[in-house]
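What Swiss-Prot records for SER40 is Mg(2+) 1 binding site, and it gives similarity to another entry as the kind of evidence. Positions annotated as N6-acetyllysine by Swiss-Prot: LYS60, LYS199, LYS228, LYS335, LYS406, LYS420 (among others). Taken from Swiss-Prot, the feature N6-succinyllysine covers LYS60, LYS420 (among others), and the record attributes it to a large-scale study or a structure entry. Residues or ranges marked as substrate binding site by Swiss-Prot: HIS158, GLU167, GLU293, ASP318, SER370, HIS371, ARG372, SER373, LYS394. Sequence annotations record features per position, and here Swiss-Prot assigns SUMO2 cross-link to LYS202 based on similarity to another entry. According to Swiss-Prot, the feature phosphoserine maps to SER254, SER291 (among others). The N6-(2-hydroxyisobutyryl)lysine annotation in Swiss-Prot covers LYS281 (among others), and the record cites similarity to another entry as its basis. According to Swiss-Prot, the active site, proton acceptor annotation covers LYS343, on the basis of similarity to another entry. Sequence annotations record features per position, and here Swiss-Prot assigns region 'Required for interaction with PLG' to 405-434 based on similarity to another entry. Per Swiss-Prot, the feature N6-malonyllysine maps to LYS420 (among others); the stated evidence is similarity to another entry.
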Amino acid sequence: MSILRIHAREIFDSRGNPTVEVDLYTAKGLFRAAVPSGASTGIYEALELRDNDKTRFMGKGVSQAVEHINKTIAPALVSKKVNVVEQEKIDKLMIEMDGTENKSKFGANAILGVSLAVCKAGAVEKGVPLYRHIADLAGNPEVILPVPAFNVINGGSHAGNKLAMQEFMILPVGASSFREAMRIGAEVYHNLKNVIKEKYGKDATNVGDEGGFAPNILENKEALELLKTAIAKAGYTDQVVIGMDVAASEFYRSGKYDLDFKSPDDPSRYITPDQLADLYKSFVQNYPVVSIEDPFDQDDWGAWQKFTASAGIQVVGDDLTVTNPKRIAKAASEKSCNCLLLKVNQIGSVTESLQACKLAQSNGWGVMVSHRSGETEDTFIADLVVGLCTGQIKTGAPCRSERLAKYNQILRIEEELGSKAKFAGRSFRNPLAK
């Protein structure tokens with residue numbers, strides 16, 4: 001079934017910034033997709049086209065990206081009469097029309113919006129759920145429900161506190177189902193709220209962009225201590241482990257790292273990559289930390305390689321790899337990390353996201369599907385993580401509707417699968433291992 005009409009518009013993301021939404025019509029109905037947007041973005045990401053017209057939305061409008069869809073992409077796809085199940089063909093067509101390495105002509109936000117809508121239409125065309133259509137596109141015969149990684153304490157560029165490291169996450173790996181993982185996550189979250197309130201006062205429980213708390217602490221160890229306490233109070237010490245997203249590129253300063261980067265600059269306090277690595281190792285020793293994302297700057301390749309070889313935990317590349325096949329291939333050959341963070345808007349199409357995932361998995365890596373800090377009510381990544389069988393997803397705390405929208409969709413999928421539902425649990429790093 002071919003595309004009858006495509007219409008794009010500017011809508012608002014969870015931070016009040018404009019983003020792209022696409023309505024795609026086939027004979028089967030309307031299929032709608034919205035594009036997310038990040039705060040701490042890797043410099044190697046595909047280009048998110050913003051208007052840069054300072055008189056409108058502080059320069060963050062996306063009317064050009066919308067216009068590229070309505071005036072160029074839409075007429076081309078409608079006239080070509082391609083069947084919506086042909087995801088790769090349609091994505092390729094848009095990428096060729098754009099003609100740039102990083103999608104800077106149309107904007108990755110334009111191409112991705114259409115790509116996501118096409119994928120949703122393709123599922124209905126085939127008469128299968130979206131996660132099953134994605135599994136088919138990826139060549140996966142089975143599907144797996146992921147362990148959620150809840151970002152419950154925020155720092156870095158996501159928060160107004162002094163904390164340098166961006167995310168402290170809880171992963172309920174000991175749960176027996178996704179529904180149970182949600183319950184554990186929610187209960188630990190509420191216990192954490194009380195722990196923070198008792199220690200720092202009620203105003204310390206205000207939430208950040210992703211629904212986590214942002215108490216005004218400076219020491220990263222203090223965040224881990226708060227998590228350890230909340231997990232114990234909730235009664236889940238044996239079932240919950242901790243993950244971190246350091247986003248170290250945000251505080252990289254000419255070969256060193258500044259763990260107090262939100263204070264006035266003082267080079268005397270910078271630490272070396274080796275000192276930072278030792279700090280991480282102390283975290284792993286003293287807390288149930290099993291996963292660290294972006295521990296070093298996106299170009300500090302040597303530090304990544306050294307750490308991954310010796311840490312014995314999951315080391316996740318986000319700014320390092322930006323869901324880009326070339327960066328993933330380099331990181332794989334240099335053994336820089338052992339897990340890919342998959343963000344559809346870093347690469348800008350469904351097909352390339354699937355390819356990035358496959359490439360990472362073929363190198364023996366784990367893959368964690370991720371939201372962005374500027375999100376919408378779109379739930380595509382919930383179906384994506386199930387269809388790709390990656391076993392892990394991070395899409396915020398169990399708080400704020402744009403985060404819960406994804407988690408709730410995974411709950412529905414688990415219910416629909418019934419007795420066939422398989423939860424990744426403790427095998428979240430490699431759920432397909434027999």
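These residue numbers are counts, starting from 1, taken along the chain as shown.
Cβ from N, Cα, C; glycine included.
All features noted in Swiss-Prot, drawn onto the structure.
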residue: LYS60; record: N6-acetyllysine; DSSP (3 states): coil
residue: HIS158; record: substrate binding site; DSSP (3 states): helix
residue: LYS199; record: N6-acetyllysine; DSSP (3 states): helix
residue: LYS228; record: N6-acetyllysine; DSSP (3 states): helix
residue: SER254; record: phosphoserine; DSSP (3 states): coil
residue: LYS335; record: N6-acetyllysine; DSSP (3 states): coil
residue: SER370; record: substrate binding site; DSSP (3 states): strand
residue: LYS394; record: substrate binding site; DSSP (3 states): strand
residue: LYS406; record: N6-acetyllysine; DSSP (3 states): helix
Find the shortest Cα-Cα separation between LYS335 (N6-acetyllysine) and the recorded positions HIS158, LYS281, SER370, LYS420, and name the residue that gives it.
LYS281
On a simple 10 Å Cβ count over all chains shown, which one of the recorded positions SER254, SER291, SER370 is most densely packed?
SER370
Candidate nearest the residue listed as 'active site, proton acceptor' in space, where candidates are the binding-site residues HIS158, GLU293, SER370, LYS394 and distance is Cα-Cα:
SER370
Out of the recorded positions LYS60, LYS199, LYS202, SER291, give me the one sitting nearest to ARG372 (substrate binding site) by CA distance.
LYS60
Cβ-centroid neighbours of substrate site HIS158, GLU167, GLU293, ASP318, SER370, HIS371, ARG372, SER373, LYS394, 8 Å, sequence order:
GLY38, ASN151, GLN166, GLU210, ASP245, LEU341, LYS343
Sorted by position, what residues of the same chain at least six away from LYS420 (N6-acetyllysine) have a C-beta under 8 A from it?
none
What is the separation, in Å, between the Cα atoms of LYS406 (N6-acetyllysine) and LYS394 (substrate binding site)?
10
Rounded to a whole number, how many Å is the Cα of LYS199 (N6-acetyllysine) away from the Cα of HIS158 (substrate binding site)?
22
Once the chains shown are all counted, how many other Cβ atoms turn up within 10 Å of the Cβ of LYS281 (N6-(2-hydroxyisobutyryl)lysine)?
16
Same-chain residues at least 6 apart in sequence whose Cβ lies under 8 Å from LYS60 (N6-acetyllysine):
ASN17, PRO18, ARG50, ASP51
